[in-house]
């Protein structure tokens, strides 16, 4: 007799919650600050938008495809482990790219007090070293020959070739161009001056060209482009590889856990892991902001403090790796996710209410991309440091996690359609507020609105999924909204937002998306009222509830509630057919 493996639901939820906390914490340490790092490297807003738009596009296509392939070949655990390892390695590759211009340039988020300690001496040393590394030197003999009167006799003679000086030879000792005394140069000899000028200029030009090649390093292979475009294309390649490795993680873990809980008849407890993800994100972004904000601008030689974000990301991914080994994963070969997603798209397409919700989420993705990509730029321009940024973003995630505490009261006051409108309008108000920031902490009050702009919004989407989905298709319909519509909007918003910021600035980007989203929120209630509402009855859930609550002593009206619901559903369908026939 085959032995049935015992399923421990509590242990499965504990492991998955821990894994979700670590992964969300890892991502929150880096991803919110990624575009700020691009700005410090010298990328333009349009380049930043293209990189982030490509990132969302890869997630849109590769996440469902990788989830399907990992299930088909039963390699979910391999995919999860490889995603953790290679995504951390790819992220660390970004630290190899030098910034455009001065490698030691820092953003304004660096605390000026960090620079003032030993400021006079350090600044003088830095200036001296920069000057000595930039300007070439000539020897006393070369200068004497160049300035001797005999050089004025023959203007056609080339200047002497510099030779390697001997340290003990005073004649061949080096002389800086700044040490040239104009009094020793015969004022009546313009030829001598031109020889000296041409000699120094040629040496300066040669030295600068040599140092330009050395500083660019491996970027010199792209000789047709300037240094900024070289950096952009290399950054685009590395970020694309990074997203290819990290995109399958969330989708694959979510599928494996849901099928495991569904096998144990505990799929209703699957949503509890999302709260741990929000808490992990809040802890990661707040902690990283506090730690990085207290560091000096350069933690070691030629290493910016922004690199700490990448080290946190890689370190927490390594901590999540042992937990991933024990994740409860189950493979249900009878459940076809590809057909489920296609069927979910058909269900959304067949319902006018669901289409309105899908378009709303698409617009929310566009607006969210503006917030994610350029909010820290706006805060930095108004004097915020990583401490202000981290705490503001942490408050936003905590506010979103707190909405379930208010869901009961909100559902009594507003219908799910109205909650969707309120959530989208709250996001528009946030963006409009961001366009008027005037101090380091001014972004903090608007983060409380995330309770509605994220928490209430996705609660309303969940109710919409239950209305439109057939039994067993709720998760697939939710993924149409949370993965396909949201990432499609984020990709389009990133591509367009970068060029808008390049042309008009971050302030007008926020005002534009706020006005557009608020205009849609004005039209949405009218469209919801005009669109027919088709609510599908989840018969399997009703039967399960009837089986658990049924008793021998129940009255006749209580036993007939399912029959009445089925008759009402048939009556609604017949009415819609008659209306369609008359039209």
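The backbone N, Cα and C atoms fix where each Cβ goes, glycine too.
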Legend entry - Per TrEMBL, the range holding transmembrane segment, considering 352-375, 544-567: 352-375
Inset, instruction - Quickly jot the same-chain residues contacting the transmembrane segment (508-527) by Cβ under 8 Å, restricted to those at least six beyond its ends, or write none. - result: 356, 360, 363-364, 366-367, 370, 374, 378, 417-418, 420-421, 424-425, 427-429, 431-432, 434-435, 493, 497, 500-501
Inset, instruction - Could you tell me whether the transmembrane segment (442-461) and the transmembrane segment (231-253) have 3+ CB pairs under 8 A, leaving out pairs under 6 positions apart? - result: no
